[in-house]
Each structure stands twice: as structure tokens, then as C-alpha cells.
Amino acid sequence: MKYNSSPFRNGLEKGMFICFTCIFKHLNKFSHSRISAEGTITLSVGLIRAKAGIFVLGLPYALLHSGYSGLFLIILAAALCCYTGKILIACLYEENEDGQLIRVRHTYEDIANACCKKLSPRLGGIIVNMTQVMELIMTCVLYLVVSGNLLSHSFPYVPVTEKTWSVIAFVILLPCVFIKTLKIVSKLSQLCSLVHFIIILVVMTYCLTQMHQWSWAKFRLSIEFEDFLVSVGVIIFSYTSQIFLPTLEGNMKNPGEFRCMMNWTHFFACVLKTTFALTAFLTWGEETKEVITDNLPSFLETLVNLCLLTKALLSYPLPFFAATEIVYACLSRGNHSNYTSPLFALGVRGSFLLLTLLMAMFIPHFALLMGFTGSITGAAMTFLLPSLFHLKLKWKKLSFLEICADISVFILGFLCSLAGIVCSIKGLLEVFGGV
């Protein structure tokens, strides 16, 4: 994908970048959601790898438009996302008569149902499931769109449109309908992580060969407010993993180590992101592009684009499997024989696979639409709902500082969501000639 070094050329490019902000955070997360025997160390490595996914490639560009404040934001985002992850898990537990913490809930859905039980026993779970499915399906669609784009730029001499390349990617992904367990998805995730390691290694190696060009003077002291908002979204949402934490924590050998594990994983993720973003930005400075691999020499760029294509295709089964499992579980909850047959499950997966292709093919300016929905669902699952649920379930036991912290997180999440929505709507208006 080619971009110039200036800010976004049009609303569609800005939408694609916001789209990356809210979606690529899912890479390599769901495959780790049923770890048990491997223990805390394996879980920690999995979370670090999840938080340092493909989206880290956009962090240098975020630094370009946020300057020194971007470095602070990387640290702040790690602390906030670590905190919301902890309070979300705290909502799974209640004290018994002896004052011991007992796990009485098991999923994000259970927490939501507990908070909304006075209105409707299942209202909260429905809202959470709808939010998760929307975001996961949009993620799958984006992988098809990006795959078509990468194929088009990797083979520019082939007289085929991007949509046709997306159809070819869809055909490659057809075996996903036969995935029944996380075991296969986990194997694909391991390959995906290997490809990601190769990408980061190539970029870092090249940057280190250009150390003689590094200068701290490349950092901006003044920033453009709108571009800064995009940078905030990029940095904050690159850490999110709250959707999967209840299952992760429930399958740890020692759940008591969860808080310590969260601290260390966010710390190392913060260090890795800061190091990569700094190294890349100091190498290219004002010429830093939206996706840092586009700064590489042409021979390296082609190699990395093919690696990104491989990673996108290997990543598709993760959100696809998660979304179809949620929908299938909801439909088969009543133990109806028609909804529990293997044929019905295959039909659900096939329908979802076809839906992602149709959306990729026929929704105009999908990237901008994704930026809009992602700004809502991403902020809700990461900041808004965890803080609200914690206040609702633990209000009587929270200290004044904890209440202030939860309220502050909620306000920050709301502002981030609002900023993303405004940027996306403005991009849509620009594309359709409204402004």
C-alpha cells in the first residue's frame, strides 16, 4: 500500500487508518483464550504477542503526529488498559460469608447480565454479544479488503482489480467453515506470530543500519489537533484485549497470579511498542508513512507486503471462529435439536464467511464505516463497560479513589469514542462531497 509522507490525502485514507486503529488489535488474541496446562508464563507470552500485533506498524506514524506526547500516551494507554482488564476480572468474583473471593461469573456476558438483571436477565449479555460480533465480523471483512489491496500491490502487472483479488482471498479462506475447535486456530496463530516476527525483524534490522541518521530533533513540539486524535486512537486501541480476559483468567493454573501477569505483559508490551516506534520514527522522521513498511526500499517492501498478506490470511480464522461461536451458542442455547446439529453449525459458519465477502465487495468506503463502528465498539468494550460494570457491582466496596479512577476511565473512553466518531463522519462527508 502506497502513501505519501504528508497527512492523509483524503477521507478514505484517513478512514483506513482509523480502521486499522480499531480492528487490528484482534490479531493473535482469541487463540490463547483456552490456555490451561501451560501456565502463567505461556499465557503472559501469548498476551505480549497479542498486544504487539500487526497494528504496531502504525505506531511510528502516530509519533509523527503526536510528538513527545505520543511517548507519554504509549505509557498511559498501557496503564489504563491494564487497569480496565483488572477491574473487569474483579467483576467475576464475589465474597462469600467467610470473606473469601469466589468466582461466580465466567464471561463478559455473565458480568453484563448481572449488571442489567433488574431491567432484563439477558439484556446485558445481548448488548455485549452484539458488540463483540459486530466488531469481530468487521475485522474479518477488513482482512479480506486488506488482502485484496496487498495482492493488488504485490502483483501490479496482473490485470485484476482489488475486488477480484479479495474474491481470490475468500476462496483461500473457504476451509475456515470446517474449523470446529480452537486447536486448528491456535496452530494458525502460531504461524501468524512467526510471520509477524519476520516483519518486525526486517524493519528493525533496516532501522539499525540507519542509526547514523537518527536525531531527536525530528520530534514535533507542535501538533495538529485532528491528527493528534487519530494518534490517540492508534496508541490506546493497540493495547486492548478485554473481550478475552475472563476466559484467559479462568483457565490459568493459578488465577491469583492474574494481576501480576497483567502488570508484566503490559509493561513488556509498552517497552516493545516504544522501542519499535522510536526506532522507526528516528529513522524516517517527517517522511514516516502511515504503514511503516511503506518506507522500506522496494525489494524489502515487496517481501514485507507478502508477509503482511500471509499474516492477514492466517489471522482471519481467529475473529471468524470467535464470532461464529458466539452466534451459534446464542442460537443453540435452548437445546433445540435443529440448532445443535453439526449441519446447522456448518451453515452458520458458511453464512458468516459469505457475509464477510459480500460486505467487502459491495459496501462503499468500508474503511470509513469500520472507523465509525470501531470507535463505538472498541471504546465500549475497553473503557466504558468495564468501568460501568465495576461501579455497578462493587460500588459499596470501592474507595473514593477507586470510584474517581473508574469515572475518569469512563470519561476518557467516551471522549476517545467521540473523537473517533467525529473523524470518521468527517471522512465520510469528505468522500461523498458533503464538505
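Glycine residues also receive a Cβ, built from the backbone N, Cα and C atoms like all the rest.
Whatever TrEMBL says is automated annotation, not expert-curated.
Residues or ranges marked as domain 'Amino acid transporter transmembrane' in TrEMBL: 42-425. For 41-64, 70-93, 126-145, 165-182, 194-216, 228-248, 260-283, 303-331, 343-363, 369-391, 403-429, the entry in TrEMBL reads transmembrane segment.
For the transmembrane segment (165-182), the neighbouring stretch richest in Cβ pairs under 8 Å, chosen from 126-145, 194-216, 260-283, is 126-145.
The listed stretches are 70-93, 343-363, 369-391; of these, 369-391 has the most Cβ pairs under 8 Å to the transmembrane segment (403-429). By the count of Cβ pairs under 8 Å, the stretch nearest in packing to the transmembrane segment (343-363) among 70-93, 126-145, 260-283, 369-391 is 126-145. Contact counts against the transmembrane segment (303-331), taken as Cβ pairs under 8 Å, peak for 126-145 among the stretches 70-93, 126-145, 260-283, 369-391. Beyond the transmembrane segment (70-93), the same-chain residues lying 6 or more positions past its ends with a Cβ under 8 Å from any Cβ of the stretch are 59, 62-63, 101-106, 108, 110-111, 114, 231-232, 235-236, 238-242, 245-246, 249-250, 258-259, 262-263, 266-267, 269-270, 273-274, 277-278, 382-383, 386-387, 389-390, 393-394, 405-406, 409, 412.
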